[in-house]
Amino acid sequence: MQDNLIYLANCFLNEAIKTTLQNLNKVNIIDTPELYSFVKGINTDYQFNKSTKLANDCNLDKEKIVNELITQLKSNSFFENISSVELEQNKSVKINGKKTNTVIKQIMITLNISKLYLSNRINLLYKRILSGSSIYVPNTITKKIIVDYSSPNIAKEMHIGHLRSTIIGESICRVLEMCGHDVYRINHVGDWGTQFGMLIAYIKNNQIESYTISELMNIYKESRKLFESSIDFKNQSRLETVSLQNGNIESITIWQKIHKISMNSFHEIYSLLGINNLITKGESFYQDQMTELVNSLTSDNKITVENDMKLMFVEGISKPFILQKSDGGFTYDTSDLTALKYRLFIEKADHIIYVVDSSQQEHFSQMFQIAEKLDWIKNQQLQHIGFGLVLGSDGSKLKTRSGETIKLQDVIDNVVSHASNITRELIKQKNLDWNDDDILTISKKIAINCIKYSDLNNPRLNNYKFDINKMLNSKGNTAVYLMYGLARCKSILRKVPNNTVLNGDIIIENENSRNLLLHVLKYVEVIDQTVETMCPHYLCIYLYDLIGSLTKFYTTNRCLEYDNDNLIGYNANNLRIVNMVKIIISKIFELIGLEEIEQL
């Protein structure tokens, strides 16, 4: 926490409160001074609004406590420009049962972080960056963390619903790795169960030798119709499911082919999204262990049997956790609980995170309670990271005209097409000589960045509208605006004739440079906040505000001097600031999975 500015400011505030109370002979009046904290100031870095409450809690005159508190804060070199502001507020209060208006006076303490402290911290950070060290120094013990995300179903194309899990999950992994943790990305694909008996039966009956992922989708739809309408096909499907579970060579061969075609399709999308190191460990991996788990829980009398089903119940949830159906088949519940046990006892994870939509909250609550009930949890942490739906631009569920879920590949292709049209128009306006391959490459990068940022920029628990025109806009809080901000930094630095000018101290020369550098130092706060909440949108807020501060910096701080398009001079200090900001922007780009573009 040593680089987290708000944490440091509040620590110093708490120390000042303790000393103030000691000096006013009010020792131990307040057990938890940490309940008092700064908030963001309107025209200053921070303000303390609870001096009246503090005075009332201690039965002291508020002016006396404010004066003493200011004295203590002034003795700390972390702060400067400390002052008090008295505010009058009209408030309705009850006196003898009657409402009456009264004027309440509040005293607010405002202050800034000192220029000396900012200068020291900025230059320490800049030297760390130039030496190749990490911009973030972890303060936590390294943990083994498993993040379960994406998890599409085999034999089906990835759809728009998989987008959020994949993008949010990957960003969380990158942030946790930056914090020094050992992160294992797990893709818990749906690759087992009755649906594969249906597929295998249909493929055998129709002697289908080859198929694409789209054709597999159609095979699944047709087999589902037959399963629901034909008793004979339903029985055949169940027999094929048993045959698959028993390791029949022909059944396994067909299953492996379906699996391979599906995974190849998934990897094409993962490659576009920049998703690497995602280990596929689906339901089939735990198949043998499911039987062992259910038998063990049965013999230990941990299971309730109702209508030949094996169930478990937890407090507060009436819906049963189904471990075995009446026909002996296993369920989604069974595979998830088996996977959890494997991750705890075999893979020995310290922290397991499930990035799955919010509709599954009850399921994970049940499973976590069962794990505690079975005494599986010691010091490990289990966490469900839920998220809202992807909606159309009109606020309705994103569907095709026929009412089907939109394929993720179609979404990506559509955004790439729009980005390509915009890119071609800009190239035409600027008379640039780009070939079709260059246009497609840059358009793909823009499209993927826009898809990711449009998702991550929204609080994950909220539904968000998928609006192509809005996400590709070059103005406002969009990926295109951010990419332009980074490209401008790179363009300025490319024109510097001698990179050695980037070495040296950074000097805070004016208000815009101070505001920009203060924002740079808040990167620790935003990373800590992201880890604490598992909400990557805080990184997006920080990034947008940082580039906004950089834009203001340019208005009063010239970096390069030109005479008739000839470079005649430069400001080394301003170039160092731009270089530092560029590196911070690049790191945040990396954490949210955006790809950098040299020229935009």
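Glycine too: its Cβ is placed from the backbone N, Cα and C atoms.
Motif ''HIGH' region' is the annotation Swiss-Prot gives to one range among 75-85, 152-162, 416-426, 449-459, and that range is 152-162.
Least crowded of the binding-site residues (His162, Asp336, Gln360), judged by neighbouring Cβ atoms within 10 Å of its own Cβ: Gln360. For the motif ''HIGH' region' (152-162), same-chain residues at least 6 beyond its ends with a Cβ under 8 Å from one of its own Cβ atoms are 189-191, 195-196, 199, 213-214, 216-217, 219-220, 258-259, 262-263, 265-266, 269, 282, 357, 389-390, 398, 405-409, 411, 466.
Every protein chain considered, the tally of other Cβ atoms within 10 Å of the Cβ of Asn153 (L-arginine binding site) stands at 18. Look at the motif ''HIGH' region' (152-162): DSSP puts its residues at 2 helix, 2 strand, 7 coil. Around the Cβ of Pro152 (L-arginine binding site), the number of neighbouring Cβ atoms within 10 Å comes to 25. Under the DSSP three-state reduction, Tyr332 (L-arginine binding site) is assigned to helix.
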